[in-house]
Structure formats: C-alpha cells, structure tokens
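See below for the structure under consideration.
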Amino acid sequence: MSNVTSDPTPEPQSELQSSTSNDRSAKTRQLLGMKGAAPGETSIWKIRLQLMKPITWIPLIWGVVCGAASSGGYVWGLEDFLKALTCMLLSGPLMAGYTQTLNDFYDREIDAINEPYRPIPSGAISVPQVITQIIVLLIAGIGISYLLDLWADHAFPIMTCLTLFGAFIAYIYSAPPLKLKQNGWLGNYALGSSYIALPWWAGHALFGQLNTTIIVLTLFYSLAGLGIAVVNDFKSVEGDRQLGLKSLPVMFGITTAAWICVIMIDLFQAGIAGYLISIDQRLYATILLLLIIPQITFQDMYFLRDPLKNDVKYQASAQPFLVLGMLVTGLALGHAGI
C-alpha cells in the first residue's frame, strides 16, 4: 500500500486569482493616482486622469459641502443642488486636477526617485501634453467660476477671484523660485488651506456672504490640514532628502515629525470645538470633540508606531472622522448665523 502525501504547492487557480486581484488593485491605484500603482498604462485619457489624481478631489468636494452648510443660505431644491454640483466640479476635477498636474510637472525629478510609475517620469505622457492639460484645466476652471458668479448674481466676481487665488497658490507651491513645498511648514500649510479653506470659501460664497470670521476660522482649521499634509511627506522622505527638500520628516526626523503631525491635527480641531462652545453651539462642539477620539486612537494604533508603513492605513481609518467634524463645524456656523 503506497503512502499518499499532500502537494504543498499552491493550486494554480488560487495563484491566478491572487495575481488577478493584485493586478486590479494596482490598476485602480494607478487610475486614482495613489501610491503603489501599476506601470504600463497606454490609454492617454487614463494617463491624463492619473495625472489629475482623482483620490485628491474628495476633500475639496467635501469642503464645498461644508461651506454651503456654514453659509446658512443653501436651500434644498434643484437649482441650489445644481449650483453645488457645479462648484464641486470646479473645486475637484478642474482646480484640484490642475493643481495635481502642475505639481507632477514640477515634481518629475523627485517622482523619478519616489514614484517612477507616475505618468511623466515613466514616459507615458510627453511634457507638451502635460502643459496643454494644465492650461485647459485652468481656463475651464476660470470659465466655470465666472459662470457661477453670473448664476449667483454676484456684484463682485468672488468665485472667479477665489479660483485665480487658488491657481496662484498652486503655482507658487509647486514652481520655482518660491516653490513653497521646499519648506515643510509653508508648503504643508499652503496644501492644508487649499484642501480646507479654499473650497469652504467657495461653497460659502456661492450661497451666502463670505466674511472675515469664516475666513479666519477656516484658516485656523487649515492648521489641522497642515498636520494631514505632513502625513503624505513620510512616503517621500528619501527622495526629499536627496533633493534637499525641507519636509518635516527630513528636518525633525521620523518620530518627532509624526508627533508634530498628530498634535496639530488634534489641537486645532479642539480649538474649533472651543470656538463653537463660545458661540453657544455646545451640541455641535461635543460631537466634534467625540469625533477627535477615534482619530487619537488610530494615531496610537497605526501612525505613531510606524509612520512609514502605516501612513495610508492611518489616513483611511482616521480621516473620515476628521471630515465629518468639518461638516459638523459647517452646520454649527450656519445654525449660529456666523
């Protein structure tokens, strides 16, 4: 009677399914402009979309929602809904797409080190094609913002001015001679305010009257956005060091930079909660404080233990609570008539 032994080699079908799943994940990351993307895309339109990093549109679209909430002037109905959708198109695909394409253009050398699968360093798209995309997105953004001014009957073209200001910030963030991103503090604050304050202003101005209080509060809130922006610096620390970029992980080291990051995220959200208490919006302030607790938990579980390995996992776990807190704040400001 012969002995029968099991074959330790994995079944080919299982290997194939695993390979297919990994390939799909890499392709999705490529299309969204995320870390760990697959190289080799040949469709020019998918390459153009990858340059625009759709994953980065979400917080700007959400910022418009928060601004509409804080304005107190949004009315549930078809017209205001279409206005909001148009403003989201402006803030997300057009202006965030412009910003990301511009950043990739000026970052092509550092991307060749940190993310060689990106469209420009991989040679998937030519420099003239990238420049054309930047110009088209900018012109489209300015055009849509002007149409929004007309639609909202603005005496002063506030939407157009906000778009031009945002385009200018995006340029000095990425391009020499200023290239704000070379400095970890200035660059990350420019990034944080672009993701929180600018779309918030746009949503608020579209449905209400943008005022100094809203401007100052959202700029304060953007200091929490600075902390969020620092999270993205850990993945490129080696390339930043080689090219002389003074990101916070390069300047302070991995551990200290991680602590700076989480303290700023938590402290300035708590500061906003304190302001809400001062204007008698205690329920909203309590909700905002409760939303900070899971963020602190995930900071301890993931980010502070290994910022290099767990940056994406931390963002996916904690940021939903942060963006919910933004909406809570917007609703509180709208309720208070700020």
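Even glycines carry a Cβ here, placed using N, Cα and C.
Copied from TrEMBL, the annotated features are:
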COMPBIAS  1-23  compositional bias 'Polar residues'
REGION    1-32  region 'Disordered'
TRANSMEM  55-75  transmembrane segment
TRANSMEM  130-148  transmembrane segment
TRANSMEM  154-173  transmembrane segment
TRANSMEM  185-202  transmembrane segment
TRANSMEM  214-231  transmembrane segment
TRANSMEM  252-277  transmembrane segment
TRANSMEM  283-304  transmembrane segment
TRANSMEM  316-336  transmembrane segment
Contacting positions for the transmembrane segment (316-336) when only residues 6+ beyond its ends and CB under 8 Å are counted: 59, 62-63, 65-72, 196, 200, 214, 217, 221, 224, 228, 265, 269, 272, 276, 279-281, 284-285, 287-288, 291-292, 294-295, 298-299, 301-303
Distant-in-sequence neighbours of the transmembrane segment (252-277), which means Cβ under 8 A and at least six residues beyond its ends: 217, 220-221, 223-224, 226-228, 230-231, 233-234, 237, 284-285, 288-289, 291-292, 295-296, 299, 303-304, 307-308, 322, 325, 329, 332
